[in-house]
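Trainee: This structure is in structure tokens; I'll ask about it shortly.
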Amino acid sequence: ARPGFPEAGDRGPGGSPGRRPSPAAPDGAPSSEASEPGRARGAGVCKSRPLDLVFIIDSSRSVRPLEFTKVKTFVSRIIDTLDIGPADTRVAVVNYASTVKIEFQLQAYTDKQSLKQAVGRITPLSTGTMSGLAIQTAMDEAFTLEAGARGPSSNVPKVAIIVTDGRPQDQVNDVAARARASGIELYAVGVDRADMESLKMMASEPLEEHVFYVETYGVIEKLSSRFQETFCALDKCALNTHGCEHVCVNDRSGSYHCECYEGYTLNEDRKTCSAQDKCALGTHGCQHICVNDRTGSYHCECYEGYTLNADKKTCSVRDKCALGSHGCQHICVSDGATSYHCDCYPGYTLNEDKKTCSVIEEARRLVSTEDACGCEATLAFQDKVSSYLQRLNTKHILSGRFYKLKVNEYGQIHR
């Protein structure tokens, strides 16, 4: 064991620049490792981020065939923990000894199965350990747009993992510095006789998060879980601290945003939701009236005198009188959905147009000429009698007392 650096199976300080460690699971909590690819400890909280990932593996003669198989298993297990695809993580492998060979480029495989099959077909090269040349080749030929790497505007991290069991036979300090300066994050994994100082020269800062050591190839596979946590991004939605009223959506940047259920719109605070004015959108299809509901939906209604049809959109006439176009001066009486008639208030009668009304007293005045003359003669006689009696009352005294004579409505005289 080398002091100051994590051993296989140990949990060192989690995370790295631009990455977040997964929260430690509570004591006794079941581990979710290997249960779901792309998820680290604490399922639902950590998931892999998109990467341009290049493995640089030492296949010199010091690496025996069985040990080289262990290295390929280590690579495959890391692939299992990642989301592989054109928009997710892309993987390339650089194989080196005294020479360097790019086994496949970042754009070669877009699914895990074909990627792991390609890893399984890799064979060792020869003697020599040209680690500096391998890093330079990766920088010049693997991390290029032509090879499938994504540009700076994509914000996809460029990561290289170099695995070696010996001391480099060329200069690694300068080339590794140039690689880091170009934006490549370097992890160094040393096995058995690996030179620790060379590992530290190659790796990015902080070294305690980028340099790993295992005593034998037999335990290198255990490091796959360590890289799984290193490459994870926190699932902020699963933490339940997002504050979204309706739906939380994880972004590829490791952040999140809020969305709303159908029929709602996101408010200015980007957290809460309000019911949409479905009626204002003009797509409701209501023939007469659209009414917004509190549920973010709507329903149709009809004008007075109409009824809503079975399609819940269109309307049919229910009461002709309610339409206001009947023309009745006083009262409209509905005879059903399609007919009506007019009536008048008490004291009025319906005219011949069946719409307007006249006062009944005016109708009584429309009497015959004969009746009118008879009424006038009677009134004239009554006037004469009344005048005569008035004169008598003022001139005659009967038995020393005054008597006032009156005439009734029938022309009869009485005291």
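Glycine too: its Cβ is placed from the backbone N, Cα and C atoms.
Not my notes, these are from TrEMBL:
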| type | residues | note |
| --- | --- | --- |
| REGION | 1-44 | region 'Disordered' |
| COMPBIAS | 18-37 | compositional bias 'Low complexity' |
| DOMAIN | 52-227 | domain 'VWFA' |
| DOMAIN | 233-274 | domain 'EGF-like' |
| DOMAIN | 275-316 | domain 'EGF-like' |
| DOMAIN | 317-358 | domain 'EGF-like' |
Trainee: So which residues does the domain 'EGF-like' (317-358) touch in its own chain, when a touch means Cβ under 8 Å and the partner is 6 or more beyond its ends?
Mentor: 304-307
Trainee: Which residues, given as numbers and ranges, are at least 6 beyond the ends of the domain 'EGF-like' (275-316) yet have a Cβ under 8 Å from it?
Mentor: 261-265, 322-324, 337
Trainee: Within the domain 'EGF-like' (317-358), what mean pLDDT does the predicted structure show?
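Mentor: Here the predicted model's pLDDT, averaged over the domain 'EGF-like' (317-358), is 85.
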